[in-house]
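A.B. asks: In case it's useful when we look at the structure, here is the feature table from TrEMBL:
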{"type": "TRANSMEM", "residues": "43-63", "note": "transmembrane segment"}
{"type": "TRANSMEM", "residues": "110-129", "note": "transmembrane segment"}
{"type": "TRANSMEM", "residues": "198-218", "note": "transmembrane segment"}
{"type": "TRANSMEM", "residues": "238-259", "note": "transmembrane segment"}
{"type": "TRANSMEM", "residues": "265-282", "note": "transmembrane segment"}
{"type": "TRANSMEM", "residues": "294-311", "note": "transmembrane segment"}
{"type": "TRANSMEM", "residues": "323-343", "note": "transmembrane segment"}
{"type": "TRANSMEM", "residues": "355-375", "note": "transmembrane segment"}
Amino acid sequence: MRRWLCQEKDSIVGKYLDSFTLSEERMAAVTVSHTMKFTKQNFFFLVGGMIIYVVDIVVDFWVASRYFCQGQYSWSIWIMCFRGLSSTITQLFSYEWFKNDWEGTDTGKLKLVFLAHLLHCGIFIRYWFALKYGCQAAFKQTSGRGASEEDPSNFIQKQAIDAVTDINMLRVFKTFLETTPQLFLQIYILMEHGKTHFYQYAAMMMSFCGISLSMVDYQISLRKSLPDKEEFHVLSKFVYLFYKLLTITSWILSISLITLLSVRISVILLIFLWICGFTWTLKQHTTFCRSKKMEYLYRTVVGIILIFSFFNIKGRRTKDCISIYYATHTVVTLGILFVYIFWKASIIKEIYFTIVSILTILSLVLGIIFLVVYYSHFHPTTYCRPQPYSDEIDGVAGQKVRVKIGRFQNFLMQ
């Protein structure tokens, strides 16, 4: 994987070498099993993701300007705040990864990269590298099955996968720092005022597209970046997509309803959920970043992500955790609906409440069903199983036994 969290774990290596003697043939087999293929389909997904990313930026500024022109300054400011916060955090992580990946290289190049990130254009540098390596890997390189990681074609394949993986990690941040909150904001505005405009539907459509593509691409990167994982087939993609999209939609509708009831209660609930997510992340002792400051920023962001959707932070079995998580969401959702029925009887006569209630319950039930199906039949549970050379050790590179841990290996699992 990448050089940033690809540090050599000498103590771990020593322990594993004492317990397991890997012949050169077995080392080659491990490398080949971990050799990742960047296909033409992956390249087209990359291009599609970049197009949606650019269109999403344009739509955000368009919607914000429309609200501003209509005198809805608060909505315009909220949209730009979500955009600014998301962009700032993704730029920080992106530059930190560049700085660690290019450690010991030309400082002039790093200064240009810093300037690009300062101007919030760092993601486009990553897209340029991903398109460059992706084009070579998908259209110009042919990787032999018996080739080692040192082979030029396999090296290009790995470069392409690594570049796309970094982008997908950043897009996960963006999805839950900007796209999901903006979807919540647009739904709340729609429910609060009742008046609809085309740009509102455009914003919601882009949010759904962004969430969908981000979740699927993230899962594809997870399958490619962890050893001994099966390919992410079409059926499993759809099951995973519907599980995530439906549960997130149900929860956003629930939060919108409680915000409509009381903004103060909604803020208190979101802060409480963030504290719970952040505390749980602290107890997991994550090791995603080198510096303590960036690690705490990562944990803060994960706390925000856990408000909207469950992710397995350490790649361990979390059946109890995920059961508690979605049981809590179900109880809170039903509680909100009961509050409306018994204390806000006048509101339930409104047609929008009936529609929103049906959508909330239906998406929650279907989302849970897809969740059960996914974890029962399509979830790559092999990363939970202790393996002598792939549990903590990501792969073997070179003739010497040098074991490296990938950046994605310490990122959000599923």
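The chain as shown is numbered from 1 upward.
The backbone N, Cα and C atoms fix where each Cβ goes, glycine too.
Context for these features, please: burial, neighbours, distances.
C.D. replies: Tertiary proximity for the transmembrane segment (43-63) is limited to same-chain residues at least six positions away from its ends with a CB under 8 Å from its CB atoms, namely 79-80, 83, 123, 127, 130-131, 134-135, 137-139, 164, 167, 171, 179, 182, 199-200, 202-203, 206, 209-210, 213, 217, 220.
Residues 46, 50, 53, 87-88, 90-92, 94-95, 98-99, 102, 163, 166-167, 170 of the same chain lie 6+ residues outside the transmembrane segment (110-129) yet bring a C-beta within less than 8 angstroms of a C-beta in it.
Residues 45, 48-49, 52-53, 55-56, 59-60, 62-63, 66, 164, 168-169, 171-172, 174-175, 179-180, 182-183, 186-187, 189-190, 237, 240-241, 244-245, 248, 412, 414 of the same chain lie 6+ residues outside the transmembrane segment (198-218) yet bring a C-beta within less than 8 angstroms of a C-beta in it.
Sequence-distant contacts of the transmembrane segment (294-311) (same chain, six or more residues past either end, CB-CB distance under 8 Å): 89, 92-93, 96, 172-173, 176-177, 180, 244, 247-248, 251-252, 270, 273-278, 280-282, 286-288, 321-322, 325-326, 412-414.
Within its own chain, the transmembrane segment (323-343) has Cβ neighbours under 8 Å at 247, 250-251, 254, 257-258, 261, 269, 306, 310, 353, 357, 360-361, 364, 368, 371, counting only residues six or more beyond its boundaries.
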